[in-house]
Amino acid sequence: MALAIEQPTTSATRPARRLQLRQLGQRWLPWLVPVLLIGVWQLSATLGWISARVLPAPSTILQTTWDLLLHHNLLGDIAISTRRALVGLAIGGGLGFGFGLLNGTFAISEQLFDSSFQMIRNIPHLALLPLVILWFGIGETARLFLVAFGVFFPLYLNTYHGVRSIDPKLREMGIVYGLSKWGLFRHIIFPGALPSILVGLRHALGVMWLTLIVAESLASNAGIGHLTMNAREFMQTDVLVMGIVIYALLGKLADTIARLIERRSLRWQVGA
Amino acid sequence: MSIRGVELGLRGLGKAIANRTILHDINLEIKPGEFIAVIGKSGCGKTTLLRLIAGLTEPTIGQVALDDSPLDGLNPAARVMFQDARLLPWKRVWENVALGLPGLNADQALQALHQVGLADRAYDWPLGLSGGERQRLALARAIANTPSLLLLDEPFGALDALTRIEMQHLVEQLWRAQGFTAILVTHDVEEAIALADRVLLIQNQHIALNLPIHLPRSRQRGSAEFAAIKDQLLGAIFGAGYPLATRVVGA
Ligand SMILES: Nc1ncnc2c1ncn2[C@@H]1O[C@H](COP(=O)(O)OP(=O)(O)OP(=O)(O)O)[C@@H](O)[C@H]1O
Ligand SMILES: [Mg+2]
């Protein structure tokens, strides 16, 4: 850009315009295929090529969403699902983070817990579903337990690994420079492990939504899963598709937030 | 405002690691504010000696005395400058300096950065610094709270010749200004002679040579006295064969 501006205007117009076009292309080109697909979908639905039973038109889904927002407290359902996800994340993720720190720092706690965690980790947590229902019934506890169980491991493993991979020489430096235990943690161990912890967090967010979807569609009296379950019973395909899209958007939103946190707290890595 | 350096006594000091004697019966008195250089072949135990003085490892036998009281655990007077700078990449330059200061004092950190000529990089990240600047930063961190004992473990080994000479001047200047006791481990014999009041040679687990250097500061490396001391040290390191070997090469 700066180069183009410094050139005399007559010869500059053409390269500058080409540059602008290229930037425009880079920004918008990735959207072309999705927009085309939605267009084709809309067209096929309008022309009756696809039955509304199978896949309603995008416009119908938008209309439905609007209706639900206005008359059926869709936002409330979204809030309930989000709350479940976050509470599960806070419990399971908090425990994973705590144990990761403990086992990364203290040999005793590592010997005591790590191999057990490594064994339990191999259980696909969704396979616990029947057992969890048996234990807790089909209430809120079961759903939270499942989410917490699922997000525990990504955070545990990555925190543990992050703490363990800190250069012992840095720790020794901290000791020589008179840092207290808390100082060592605050200035060296936590920031050193943070990149790994954030990787764990992003992974955990993925697991969180996935688990929630399964847990909610099993049995819920509120939330997105409850909506879609009812929709299936009454064969409201439009509501079903809307539910799926909302799950996707929530997942995307969580990931974007995590990535923003990552970019902000790891600025030192680019050295700028 | 010259701060008094600490007085150090190494009394019958010995260290064995995994049943192998590294250092044996080290005896040495170091006056407050004295500048000691330690040389010796790789693996002879120079770093081990420094770690003993810093209180990072326990002696197997004997003791380190600090102003005549025996050292127990970490040496509170000592600041160490390691061969690798050991900077925290996630802290800005000034925060790295402030690490060892009570209350993470920013003014004091900037002051130290100013002393090593790095004040204009105070708010940058360490990953953006050159090798020489990284060691400068490590030096600023080491001197920031005016320690009474500075331990330097081959701090300039990885620097190019020009930067190294620059850093040597800087250390000498800071040592004169602050008056701390300094122990510099180096593999560079000229560096040792240029900076130290006394050069120690470690060989066969003990101090094989304890050579005071009486040359006036700042020392001219080209002078005949300088060359004579260098010859004497190299002769002690390589034994009787050393002058002969150089003559053969020179012929
Ligand atoms: N933690 C350890 N475990 C086993 N051996 C060790 C340990 N620390 C040091 N040593 C051994 O002690 C000897 C002296 O090591 P030291 O690091 O003090 O040597 P150095 O004189 O500093 O060598 P260099 O000039 O290469 O840095 C070496 O043979 C080394 O292998
Ligand atoms: Mg060494």
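For all residues, glycine too, the Cβ spot is worked out from N, Cα and C.
Annotation comment: TrEMBL describes A:74-258 as domain 'ABC transmembrane type-1'. The feature transmembrane segment is assigned by TrEMBL to A:28-50, A:85-108, A:120-138, A:144-163, A:184-201, A:207-227, A:239-261.
By number of Cβ pairs under 8 Å, the transmembrane segment (A:239-261) is matched best by A:207-227 from the list A:85-108, A:120-138, A:207-227.
Stretch with the largest number of CB pairs closer than 8 A to the transmembrane segment (A:85-108), among A:28-50, A:120-138, A:184-201: A:184-201.
Sequence-remote contacts of a segment are chain residues at least 6 beyond its ends whose Cβ falls under 8 Å from one of its Cβ atoms, and for the transmembrane segment (A:144-163) they are 84-85, 87-89, 91-93, 95-97, 99-101, 103-105, 114, 117, 121, 125-126, 128-129, 132, 135-136, 189, 192-197, 199-201, 203-205, 207-208, 210-212, 214-215. Put simply, of A:28-50, A:184-201, A:207-227, the stretch with the most CB pairs closer than 8 A to the transmembrane segment (A:120-138) is A:207-227.
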